[in-house]
Structure formats: structure tokens, C-alpha cells
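Q: Please find one structure pasted underneath; my questions will follow.
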Amino acid sequence: MTIESLKQKPSTFMQKTKGFLGSLCGKIWKVGRDDPRRVIHALKVGFSVTAVSLLYLMEPLFKGVGENAIWAVMTVVVVLEFTAGATLCKGFNRGFGTMLAASLAFLFEFIAREYGKVFRAGFIGASIFLIGTSTTFLRFFPKVKKNYDYGVLVFLLTFNLITVSSYRVDDVMKLAKGRTYMIGIGSGICILMSLFIFPNWSGEDLHNHTVSKIEGLAKSIEACVTTYFSEDERDVERDEMISEDQIYENYKAVLDSKSTDETLAHHASWEPRYTWQCHKFPGQQYVKIGSVLRHFGYGVVALRGSLQTEIRTPRSVRLLFKDPCIHLASEVTKSLMELAYSIRNRRHCSPELLTEPLQQALQDLDVALKSQPRLFLGPNTAQNTPKMLAMLTSTARQKYEHHFSSINADPPTSIDRKPKGVPDGAGKFLRPSLSKFAITSLEFSEALPIAAFVSLLVELVARLDLVIEEVEELGRVACFKEFKHGDDVILDVDRRKSTEINLTSFASAE
């Protein structure tokens, strides 16, 4: 190691440090820029923790509350969530669990004090075992697990702390009251910060999340059809690489949204803002829409699979159905964007705007398919059927004879030795398959991929009806504004902005 290399080490270390700090700052900036509410929530948590810490730091306040002040700090850290609904849900569970545990612990202590110290210790141990076993088993019930799991945990923790501490403390009532008051103060600060200072509503997040999912499916369909009917094969490969991530991310957000939708709907049911209006927030209807959107998304996944098939329809055949397929996909995309627009603006969608263009596009596609009967049925279907069966039979016989000869083949000589690491017998069975050659030899092979693609488009139209029905039901339940023919409908298929959902807070709230 030379002196020059030693001199270069500090400069290299400084460059890596600067690069790491720059990358870290860029990530922090991106997280805050994607959703500025995250920055506001962080400031709210910091302010709340500082406020309750004054109970422990200021001498006059500490003398009044004592060591129990730390319970207020713990409550703020645990209960204050990103949305008001999540905070109210956890606050209620924590408060109810604490009150019930304190009351039960005080009752058991009152019974145990009537007898001797030995009986008291045994009674406390038995009660802890009984409560711990029963509450843990209670968490296995689906409804309790979904709605009150956190409250059951708080109940078990508080009961054990108060019951065990009461064995060494004379005034257990004072201990229980002090901790209950501090938890109440912490929960009150959390509710105040969540409801009245820059509140974030779970209902609004669920509403915007549903809109973004519908728009994402629309963009995925448009990208799939555009890529499939590209003019040049090189354009197809380039378009696939560009749009693959966009298509995947859009429908993946829909397929993975079940847990998020259910959690947001559950938290939205706790928010009082919607009970002040003429109707209750229809969280379960949004969950139903999410379910039909996932059903629709599976069709988009299959449509994307058509871009990656081993057997491709020649470009000349694809051009025969390009215009009607693009027209049908465009109408499906417009219908989805209209549904998203109606949900975003809380108004009913136009039935004529959704159904009539789709019917016309289906008729145009039907005319295009009927204009090319030979492509799908061949010049003479009755004569082609025996020919296809004979070809399939001969192909199967060739594969069987090839497989049988491979089994009976002599072992490889020293010249023709298998590569090192390959297990015995691998060279005998690993032969190139003739299935692709056999399929492409069939007369209808050119029509198979385009027929599958067209059938998937028609299937998406059928699944779109389910989405329309659920959206119309949402408009009825949520009292959306009636559609007027004078309303302007703006369909922006190239919308890039999507709603950011804080999934971390939902996972912690569960």
C-alpha cells in the first residue's frame, strides 16, 4: 500500500458519504413531496408528544400526577394515527380496554383482600391465568380480531400490570385511577389533534383510492391494446418494455387493494364527520366496488398475457381487426374514466354515455369478425378437421418414438460426455419440444392469438357491467348528485397523479 493510496482513502470516503447523504435527502424529499400530509402528521405527533411530556418535565405538574405521567406519553405515541378514523378506533379500544381492566382488577383485589396473604397471592395468580387464557382465545374470533384486537391486548396488559402491582401496593384504587386519568389525557390530546388540526379522513382516502384504481385499469387497457397493435415488431418490443411497468403497477394496485379497502372502510365508520350529513359514509359499498374491480383486473392481467405469447399473429392479420379492437378498447377506457369522474365529483354517471358507444363498438367488431370467416374456420371446415387430427396424431407418435429411442439410447461416450453437474439421465430426456412447431403448422394457428385477444376484450365488456352496477349503487346509497345532460364530462386518460395511501399506519392500526 503506497502513500498515494493512503491519501486517496479520505477523499473516497468523503465522496461516498456525500453521495449517501444526497441520496438520503432525495428520498426524504420524495416521500414528503408525494403526500405533504405526511409532513403535517409528523409535526402533529411531535407536538403532541412534547405537550404530554410536560406532565413529566415540569415540577408542579409532576407533583400532581406522579410517575403515572409516562402513561400519557405512551398513549400518544401508540394511539395517534395518520387518519382520524384510525385514531378514534385505537383510542376507543385503548380507553375501553383500560376501563374494563381497571374495574375487573379492582374487583378481584377487593375479593382477595378479605382473606389471607397466601390466598391473595394464589387468587391473583389464578386470575391472571384465567384472564390471559380467555382473552388470548377470544382474539381468534374473526370479528374480535378485526375490530377489537387492540382493545383486547390493552385489556390484558392493563389487567396484569394493575393486578401484579396491587400485591405490593396498599392503595390499588389510587394506582388504577392515576393510570386511567393519564391514558384519558393522552387519548384526549390524540383526538383533538386528529379531528380539529389538519384532519385526514379515512373516508376521503378510500374515495380517492377507488378513483385512482379505476383510472389505473383504464390506462392499463389502453397501453395493452396500443402495444398489441403496434405497426412494427421492433416497436412492439420497445412498447412492451416501456409500458410493462406501467401496466403491471396499475393492475397490481387493484389486485392488492383488498386489505387497504377493508381497513379504510372500517376506520371511516368511526369518523363523526359523515354522521353530521344527511347520510352515512357507505364504506362497505366501496369495498364491494373494490371486489368487482379486482374481478375486472384479472381480465386485464389475462389481456397483458396476450402480449407475451409464444405464438404471435402476423401483423397483416392483426391489421384486419386493429380498428374495431382499438375502438372497443377506447370505449371501455372511456367508460372507466367516466365512472372515475362521476365518483370523484360525487354525481351519477350517464347511462347512455356508457352503454350506447359500447354496443356500437361491439357491433363493429362483430362485423369485422364475420368478414373474415376463412381465417377462423378455414376454406372447408369438414375437410380440415381430419387433417388437423391426423397432424396431431402424427406429432404425438413422433414424440413418443423420439422419447422411447432416447430411453434406449446408449450412454454417452468419453467424447460425448455430459457437462459436469448435470444429473444422470438429464441428457436423455431434455429434448426440444415439437409442440410449438405442431401448433404453428395448423391452418388456424394464425387466428388463435388474435381470437384470444378479441375474446378477452369482449369479456372485459361483460365484466364492466358489474362495475357499472356497483358504481350506480354507490351513487344511490351515497346520495350523489343527479346527472344532467348539460354537464360537461372531462375524460383524462393520461392522468398521472395518483392518490398516496399511508399503508404503514393501516398496518399498525390493525
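Placed from the backbone N, Cα and C atoms, the Cβ positions cover glycine too.
Because the structure is a prediction, the values reported are computed rather than measured.
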Q: Given 150-169, 450-469, which one carries TrEMBL's transmembrane segment label?
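A: Going through 150-169, 450-469 one by one, TrEMBL gives transmembrane segment for 150-169.
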Q: Would you kindly list the residues that approach the transmembrane segment (150-169) from elsewhere in its chain, counting only those six or more residues past its ends and only Cβ-Cβ distances under 8 Å?
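A: Distant contacts of the transmembrane segment (150-169): 89-90, 92-94, 96-98, 100-102, 104-106, 108-109, 120-121, 124, 127-128, 131-132, 135-136, 138-139, 144, 175-176, 179, 509.
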Q: Residues sitting near the transmembrane segment (118-138): Cβ under 8 Å, six or more positions beyond its termini, same chain?
A: 104, 108, 111-112, 144, 152, 155-156, 159-160, 163-164, 166-167
Q: Which residues of the chain, 6 or more past the ends of the transmembrane segment (181-198), have a CB below 8 A from one of its CBs?
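A: 37, 40, 44, 47-48, 51-52, 55, 65, 68-76, 79-81, 83-84, 87-88, 91, 94-95, 98, 272.
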